[in-house]
């Protein structure tokens, strides 16, 4: 019920944000008066580009503090294409009025002629003192930089008049728009990347389809190859370590016969050249001892844990067989992906509407960054006649952000935190629902006495419906615990970023300890929750009882679980690398045009590694989705196996009927 109430509150929060927010404030640039550029139905409908009066002031310290350039910004229909200053216009206007017609479109108010003096224009912020050749980018006018014979230029000029009598160079203007120029460079790269995707998108889809087929084949063939893969890798590691021991012995023997064999680490001291230490026989002797100990440890582990390793391999084979009987489970990751996409989209939209809620707020910005009234709220109407303008010459009243004084606007930050918390809760709930549904399906396979006849029809659909109907509260409770831990971790990371410069060594140490503790706690809770959901799917108990039973079962079989996890992780990681590697090699040969005889791939790619990385990462994600189902299958079968072993033991001691009546297990697998 609490979970449903939170979801209802989340929906109401989204409606409130939708009523008060306006995402156009992100889509359209905003001028100094808080009006949108290019918005339909407004005077700026045909003026979609933002123009800065004096871009050179964007190097002011107030830019860093207020994230706003301290110069007048207006909406224009196009960017300036030539060099002109206000002083030049006053002289050229007398001979040709076209100059003023062109220049006046970059003024805040309309004048019939440039009658005002330069000082008056600058004081009233009616017109820019100078304009430069510019190009629109992200709906903003930025200087048209280019390189001529290795020299940076603006409009083919290296120096220019800034309109106030000072001569400036292109480098100064470049520093003022440094961040934007990085974005301009990124735009060119982005265009090339888009072209590569346009040429290779169908090849990428073909590669991802092949990755799905390979992942399915790998899971199906594990019943025959699981043991072979594990033992090949294990004996391969033993062989590699043995070769390392032999190599170390040869180097030690060679150095033993040389005159410099008496040298040691104390003789040569601390060296920055690491290769110096490999000229010492003590180094090779130490490496040989370490490798011998490692070899002995691996061999002893294989000897003493051979039975548990055999059980783990048998479980891997049984898991492959289970998925063969329940192929619909491999489709479930797509459903989980859909639910996660809905949650992420809703969270992003609500966060956007919350961030754009309210009315325009204006603040005082001083170009030089020295004003006692800086960063205070102000009214742009008649600002030049206020006491602030007199106390701080050059200060301006500019749009800063959107806000308000109502109760809703005062709690915007709280609403954003609520949005994030419920988002984490829903994400963990969706994952928990998938784990419980898959565990129920695989448990129905295990407890079927005669396979496949006794497997219920539509086991995944039945298990999913059972999880929704009977276990929603338990799943919500488990995911709530995980969401609280993740929320604490995010708050800790946020405080770390904000207070990074004001931290002492003690606070940094405590911060690292807290981050480590919360990371370990999150991992432990995830592991316990997953096993609790399996117990919940089998017995139908609530979360707390299922978590207790799962914990007790895990503690009684901690060594078996450790071996099974390592064997399973190794096989699945090997499968992921195998799938992604095979697809990656084929994509590399195709995108680098090395398969012209077999198949003709795309030609003239700008960056062949862009579609290549897309195919490799996409293949790995697809393989991870398939193998996550397989890992859940192994974990469920393992728990069912030990539960059936426990039931058999109780039957031998005469408590079988009581245990079956209490637990509700009416059939035991003959394989147990």
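Cβ atoms here come from the backbone N, Cα and C positions, even for glycine.
Curation plays no part in TrEMBL annotations; they are all automatic predictions.
The annotation signal peptide is assigned in TrEMBL to 1-16. Per TrEMBL, transmembrane segment is recorded for 201-221, 228-246, 284-305, 325-349, 422-449, 470-492, 570-592, 604-623, 629-655.
Sequence-distant neighbours of the transmembrane segment (228-246) (same chain, 6+ residues past either end, Cβ-Cβ under 8 Å): 287-288, 291-292, 294-295, 298-299, 302, 309, 313, 567, 570-571, 574.
Sequence-distant contacts of the transmembrane segment (570-592) (same chain, six or more residues past either end, CB-CB distance under 8 Å): 200, 203, 207, 210-211, 214-215, 218-219, 222, 226, 229-230, 233, 316, 599, 601-602, 605, 608, 611-612, 615-617, 619-620, 622-624, 627, 630-631.
Here the transmembrane segment (422-449) lies next to the transmembrane segment (470-492) in space: the count of CB pairs under 8 Å, restricted to residues six or more apart, reaches at least 3. Same-chain neighbours of the transmembrane segment (201-221): 320, 323-324, 330, 575, 578-580, 582-583, 586-587, 590-591, 601-602, 611, 614-615, 618-619, 622-623, 625-627, 630, counting only residues six or more beyond its ends whose CB sits under 8 Å from a CB of the stretch.
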